[in-house]
């Protein structure tokens, strides 16, 4: 199973959390079994894609019987490590950073921002958010990462600072970064980076809207 999962295409990997969310919803709605068509319609893809994605994980269901909702919900929970809390840190408490700090990840998934960082002279350094998340100066980043044993970071700093801060995070032991900067980061191969470019997503949305006119 492990070898097979290592060869999963990126497009499939990006849909794993969607499948997990759908099976959680089905379970909450007391649906015991679901076929590929139901799953596809709930996500907005075609059923052939669902079957192809699931084929990377061996036999998850039987033809004609559909998929056991509870079994698949637990399967994707294990796959996404959603059975235990994952602690995350955030760097950059501007507008986007503030929005993320106030978004209660732990109420929806097993992810929790446990600390935030910004420039040492930022007025909020040394304080806490209403939820009790401490805000530290960037000079403390290595010390605090080691103390908390955090491996995942959210990066919401200006583009011109993103590479510099990312290097600092990697040097401190961070292995995964979710970057809200449109700048491509050059980091070691063992560091996983995902990018969220809101401007690009909005431009894509507007493009498709114009095509529909």
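Cβ atoms are placed via backbone N, Cα and C, with glycine included.
Automatic prediction, not curation, is the source of TrEMBL annotations.
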Among 18-57, 58-97, where does TrEMBL put the label DNA-binding region?
18-57
Mind checking which residues of the chain, 6+ beyond the ends of the DNA-binding region (18-57), have their Cβ under 8 Å from one of its Cβ atoms?
1, 4-5, 7-8, 12, 65-70, 72-73, 75-77, 79-80, 82
Can you check how the pLDDT averages out over the DNA-binding region (18-57)?
92
Quick tally, other C-beta within 10 angstroms, 92, 94; top of the binding-site residues is 92
Counting every protein chain present, what is the number of Cβ atoms, excluding its own, within 10 Å of the Cβ of residue 97 (NAD(+) binding site)?
22
Across 93, 96, listed as binding-site residues, the smallest other-CB tally within 10 A is for 96
